[in-house]
Amino acid sequence: MALTADGQLWSWGANSNYELGRGDSADDWRPKPIPSLQDTRIVQIASGGYHTLALTDKGEVFSWGHGGHGQLGHSSIQIQKVPTVIEALAQEHITYIACGGSSSAAVTDKGVLYMWGNAKDSQLGVPGLPDVQPLPVQVKFLMDEERLGSHQVLSVSVGASHAICLVLRQSIP
């Protein structure tokens, strides 16, 4: 994937899981724009094993590709052939996104962290989840940790079976 200065997203490479977002499953070595996003300004992209997230200048998140572990954030585990808005995040203004192998994350403008997808190794940070979590869930352990004090999540990075976030602590005099 490549993001141009004017917010256009181009894709190329393997595409058996529709990870290029063009609506077909043909591999392509040539970079081409993603047709359904040509009228949308993208400000950040993140790619997982076989899926992609794109963040718009309006704080919306699109996802597409393989959804077998719920990593697309829709209420199913189906493949998405083209970029599709994650409706479960529609009431939030997202400022940062990240993907791991088969899980995904988003941070709001208020510093709240949401995660979804593969939860088999507890990498979503929420106890008691099923192995497949198809909808975003708020990671509340950060809010419950008194030792952290007042804080907000700035960014997150997601690996194959773990996650780490950068937190801004507000010190109280």
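Every residue, even glycine, has its Cβ placed from backbone N, Cα and C.
If you look up TrEMBL, you'll see 7-58 (among others) marked as repeat 'RCC1'.
The annotation repeat 'RCC1' is assigned in TrEMBL to 59-110 (among others).
Per-residue pLDDT, averaged across the repeat 'RCC1' (111-169), gives 88. Here TrEMBL flags 111-169 (among others) as repeat 'RCC1'.
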Tally of helix, strand and coil residues over the repeat 'RCC1' (111-169) according to DSSP? 7 helix, 29 strand, 23 coil
